[in-house]
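**Student:** Pulled these from TrEMBL:
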| type | residues | note |
| --- | --- | --- |
| DOMAIN | 29-240 | domain 'YjeF N-terminal' |
| BINDING | 78-82, 154-160, D183, A285, G356, H407, D474 | (6S)-NADPHX binding site |
| BINDING | N79, D150, S186 | K(+) binding site |
| DOMAIN | 250-533 | domain 'YjeF C-terminal' |
| BINDING | K444, G445, A446, G447, T448, G473 | AMP binding site |
Amino acid sequence: MFSTTKEKCKIEHVFSGEIKMYIVTAGEMQQMDKSTIDFGLPGRVLMENAGCGATQIFLDRFCKKGSEKVGILAGRGNNGGDGFVIARRLARKGIDVNVYLLSKTSLVKGDALENLKLLYPLQIPVFEITGSKSFITNQDFMQNRDIWVDAIFGTGLKSNIEGIIKDVIIYVNSLDKPVFAVDIASGIDSDNGQMHGECIHAELTATFGYAKLGHYLYPGARCSGEIEIVDIGIPSFIADKIAPKQGLLTHERISSILEPRRKDAHKGSTGHVFVIGGSPGKTGAVSMTAMAAMRAGAGLVTLGVPKSLHCVIESATLEVMSCPLSENSEGFLSESSFDSVMHNVAGKKCIALGPGLGTDPSTKKLLIRILREVQIPVVLDADGLNLLAGQTDELKKLKTPAVLTPHPGEMSRLTGKSIAQIQSNRVVCAREFATEHNVHLVLKGAGTVIAHPDGRVFINSTGNSGMASGGMGDVLTGIIAGFIAQNYTAEDAAKLGVYLHGAAGDALSESIGPFGYLASDMLKILPAQIGIYANKCFGDL
C-alpha cells in the first residue's frame, strides 16, 4: 500500500499542485496524522519518514565536510522522537552526534521511546539535562558542537517555556551556531506565530507534511529561517478531505491565476477604474492609486477629486482622466457630489475609494451613500476604511464584491480591537471580519493575510521591510482595482495585487537596497514583475 521508508527518503519535500500550498493548523495536522495511521501507516513509520527527510535536508545544508559536530536538543515527545531518528541517521553517516535530552528518560514514551532505544547500540551519547546541575555539567560538551538541531517542542506547544528548557534555549541561541529546527522552532505557536517566552532562532526549518501558520506569521517567521517541507507519506486524499482553509501565495498559484492578454485588446476592453479620493495635502495618495491601476493593466482610469485639487491632479497624472467633484468649505469631498459620482460610475468596472479622502463628516455621508448604491466592485482603503469605523454593518448591505485593505491600525478602528490583539492573531481576526461582513479582507503587514467571505485564508510569501514607507498601500489599492477592471474576480485580484506588489518590493530591495526606495519606484517596476510571474501571459489569443 505504501512505499518503504527508503523510497520515501528519495522523495522528501516533493509535492505537486495545490497540496504543496496548504498551510495547516496544529489541529489539522494532528487530524491528518491520525487519519493516516487509521488508514494503515503506523505512527512509527511517519516518524521515520519525518526523520529521514529532515536528515537529508540537514546533510545537504550543513554537513559539507563530514567532520561537523552536531548537538541535538530533544524533548520527551514526538518532536524529540524525530530528533532521535535524525541522530541515528547522522551517526550512520559517520557524523559526530550528541543528544541532549531535556527530560528524564523515564518520561519518554511510545514511538519516541522506541527510537531513543535505538541510539544506545550505536553508542550515541545521550545526556539528560533536567536541572541546573546537569546543565552546568554538560555545558563544556555543548560548547564544542558546530551545529544544533532543535527537536524540543513541536506544533502542540501552547504555554510559555520556563525553567531549565528556557535556560538551554537562551544558551544555545547565545552560541551563535547554525540551528536546524525540526517541524517548528521551539517556542513558536504554530497557529499564530507568537512566541511562548523564549524561542529557538533557526536558520532552517524542516516541517512535516505541510507548512504551519506559525512559519509565516511574525514573530515566528523571523525565528523559522527558510522552510523546507518533508513528505512523510500522508495521502493527498486525506489532506483534501480535511481541507485546510489556509494556503500560501506562491509563484505557481499566481501564474495559474494570470491569464493571457488578447493580441486585439484595446483600452476599452481592458477595463476602466474610477478612483475617488484626495483632499488638501493628500493628492499624492490618490495619484499613485490611479497610476498603479494603469500599471497593473487597466485600460482607462478616471480620478474623482475635490474641484480645488483638479488642476494639481491633471498636471501630476498625464495618462489619467479626471473629474472635479463638489467639496465643502474645508476642501473635502461632500455629499453634494453624490450625483456627479454616480454619473461617472457609469461604464466603469471598479471603484477604488479612500486614498487621501480625509475623514470629514460630510465625506462620510458621501461614502455611505456610494456604498449603498454602487453596483460594481469596490476596493476600500485608507480613509475609506477610517470613515467606516462604527458603521461596518454597511458592508453587509453591499450589492457587489468588496476588497478592504487595512493596515493593523485601520483594522483596529474597524473592529474595536487593539493593534496588539490583531497582531497576535492576524488570521483569526481577518477571517472573522471577512466572513461576518461578506468581504475580501487584505490585512497588510509582514506576512499579509488575505481572507475571503467563505473563510479561506491565504498568506503572502513576497514583500520585505523596505516597503514600510508612505504610499505603498495606495499603490496596492490601485493594483487590485486594476486587476478587477480586467475582469478578474475580487478574490483573484486581491491575491494578484498582494503578491505582485510584494514581488515588486523584493525586486527593488535587490536593485536599490534594503530600504529607501519609494512607492513611485514600484510603479516603474510593476509591469516587468507582472510579466515575470505571468509566465506565458501574453500569448497568441
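Just so it is clear, glycine is given a Cβ too, placed from its N, Cα and C backbone atoms.
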**Student:** I'd like the Cβ neighbour count for N79 (K(+) binding site), meaning other Cβ atoms within 10 Å of its Cβ, all protein chains included.
**Tutor:** 27
**Student:** Can you tell me which of the binding-site residues K444, A446, G447, T448 is spatially closest to T155 ((6S)-NADPHX binding site)? Compare CA atoms only.
**Tutor:** G447
**Student:** Setting K444, G445, A446, G447, T448, G473 aside, what same-chain residues sit with their Cβ within 8 Å of the center of the Cβ atoms that define the AMP site, listed in sequence order?
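**Tutor:** Apart from K444, G445, A446, G447, T448, G473, the close residues are H407, L443, V449, N460, G463.
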**Student:** Using the recorded K(+) site (N79, D150, S186) as reference, state which further residues of the same chain have their Cβ within 8 Å of the centre of those residues' Cβ atoms, listed in sequence order.
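**Tutor:** Along the chain, the qualifying residues are L73, G75, G83, A151, I152, F153, G154, A181, V182, D183, I184, A185, I200.
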**Student:** I need the least crowded one of these binding-site residues (D150, D183), counting other C-beta atoms within 10 angstroms of each C-beta.
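**Tutor:** Counting other Cβ atoms within 10 Å of each of the binding-site residues D150, D183, the minimum falls on D183.
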**Student:** Could you check which of these binding-site residues, N78, N79, G81, K158, H407, sit within 10 Å of G473 (AMP binding site), going Cα to Cα?
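**Tutor:** Passing the 10 Å Cα cut: H407.
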**Student:** I need the most crowded of these binding-site residues: H407, K444. Count other C-beta atoms within 10 angstroms of each C-beta and give me the top one.
**Tutor:** K444
**Student:** Looking only at the domain 'YjeF C-terminal' (250-533), what is the mean pLDDT?
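**Tutor:** Mean pLDDT for the domain 'YjeF C-terminal' (250-533): 96.
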**Student:** Can you tell which of N78, T155, S186, T448 has the most other C-beta atoms within 10 Å, given these are the binding-site residues?
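**Tutor:** Its Cβ has the most other Cβ atoms within 10 Å: S186.
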**Student:** Express the distance between the Cα positions of N79 (K(+) binding site) and D183 ((6S)-NADPHX binding site) as a whole number of Å.
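**Tutor:** Distance between the two Cα atoms comes out at 8 Å.
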**Student:** Say we define neighbours as other CB atoms within 10 Å of the CB. Which of the binding-site residues K158, A446, G447, G473 has the fewest?
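**Tutor:** Minimum Cβ neighbour count within 10 Å, taken over the binding-site residues K158, A446, G447, G473, occurs at K158.
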**Student:** Including all protein chains shown, what's the count of other C-beta atoms within 10 A of the C-beta of G81 ((6S)-NADPHX binding site)?
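**Tutor:** Result for G81 ((6S)-NADPHX binding site): 30 neighbouring Cβ atoms inside 10 Å.
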**Student:** Of all the binding-site residues given, namely N78, K158, A446, G447, T448, which is spatially nearest to D150 (K(+) binding site) at the Cα level?
**Tutor:** N78
